[in-house]
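Below: the structure, in structure tokens.
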Amino acid sequence: RERLAAACARAGLRGAALVDIRLVSAKTGYGMEGLVSRLQRSWKCAGDVYLLGATNSGKSTLFNTLLRSDYCKSRAPDIIDRATVSPWPGTTLNLLKFPIINPTCDRIFRRQERLKEEATKTEDQLSSEEKKYLNQLKKQGYLVGEVGRTFQQQKSSAEIDFDPDVLSYSMDEDPRDPPKKREEREEFTHNEVKDARWCFDTPGIVKEDCVLNLLTEKEVKLVLPSHAIVPRTFILKPGMVLFLAALGRIDYLEGEKPAWFSVLASNLLPVHVTTLSNADTIYEKHTAQEFLKVPMGGEERMKEFPPLVPQDITLKGIGTTEAVADIKLSSAGWVAVTAHAEEELLLRAYTPKGTALVVREPPLLPYISTIRGARIPGTPAYRTKKPPSFVENLRTTGSR
């Protein structure tokens, strides 16, 4: 949260312009109930709300989660089309919207009572269906939260039309299927929307220096993680090189001691460590092949793909458990660098021409290198270690 507040300040969002910062996962529901409560307390129904951000930042997933929460009018989910969730940039072409529920005192009270009741439950008290859904969310992320509804729209019982003339037929003719009635699309009434405030999902802002702009749809699906990232940590000595697929490269040029490089990127992207003398040969031989995976398509693909361009980076270590900086390889992911205290490192990082390479100081997750297993003998890699899942709105049992 501190890192995000500082980034907002650098971008010019400070003081009254920045009301709050919420860490949420629209995919797993973590933090979403808190976000809804915060929106209802501050915004109430005073104005429309727009979800803004870069392409592939999760706006459509957030829109869909808010649509089935207490932030949306209870009848709206049956009427509103869900936003299209796609890895392809700029897929939300229209301004989708849903009407925001008016958070009256009675509704706020009933909502808080539901949240209190749910917070007293443990996982053992959930139904088999709820447990199954919760386990699916845990596979997708470490931080999980259930998003529920306090106000449910009462659905009328379906009536069955019976027409004996249509169902009857003589012995010398085949039975006829009854004509299908055209399903009428449900619409809002005038009273429901005349004074409504709306939540809008907007098309994403396309970043010009983003590596995703260079990739095919199949490649984008490999680069954008669909499940929680498991950090991969490697220990490198000076003269060693780390490849993240063929989308990023980091050379450890100068330093006295080994340093740790923790890769935060889609686990479908391969990471390879080699020596400086072999690095160019590996890139030329294996780019667009299965070994480096992305991009893919062989020599023809590489004719249109831009070359890697370098940028020198100098860092000074803080300690063996705290990263000094993140090297962000455009939207392919980032590498957190951890080094001995006062150790000076000279690195050279590469990304495809025309994409952004950013050194983030201080790092977003400074202690990420400690989330690792034992060293794999004879290699620079450590065994991966998935952090335990935490469900925020359920009572925990025993030790986690």
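Each Cβ is built from the backbone N, Cα and C atoms, and glycine gets one as well.
Remember, TrEMBL labels are computer predictions, not curated facts.
Keep in mind that what you see is a predicted model, and the values were worked out from it rather than measured.
In the predicted model, the coiled coil (105-132) shows an average pLDDT of 92. What TrEMBL lists as coiled coil is 105-132.
For 176-188, the entry in TrEMBL reads compositional bias 'Basic and acidic residues'.
Marked as domain 'G' by TrEMBL: 49-100.
The domain 'NOA1/YqeH-like C-terminal' annotation in TrEMBL covers 261-361.
If you look up TrEMBL, you'll see 167-188 marked as region 'Disordered'.
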* To do: State the non-local partners of the coiled coil (105-132) in its own chain: residues 6+ outside its ends, Cβ under 8 Å from one of its Cβ atoms.
  => 33, 37, 40, 70, 146, 148, 150-151, 391, 393-397
* **Residue counts (helix, strand, coil, in that order) that DSSP gives for the domain 'NOA1/YqeH-like C-terminal' (261-361)** => 20 helix, 47 strand, 34 coil
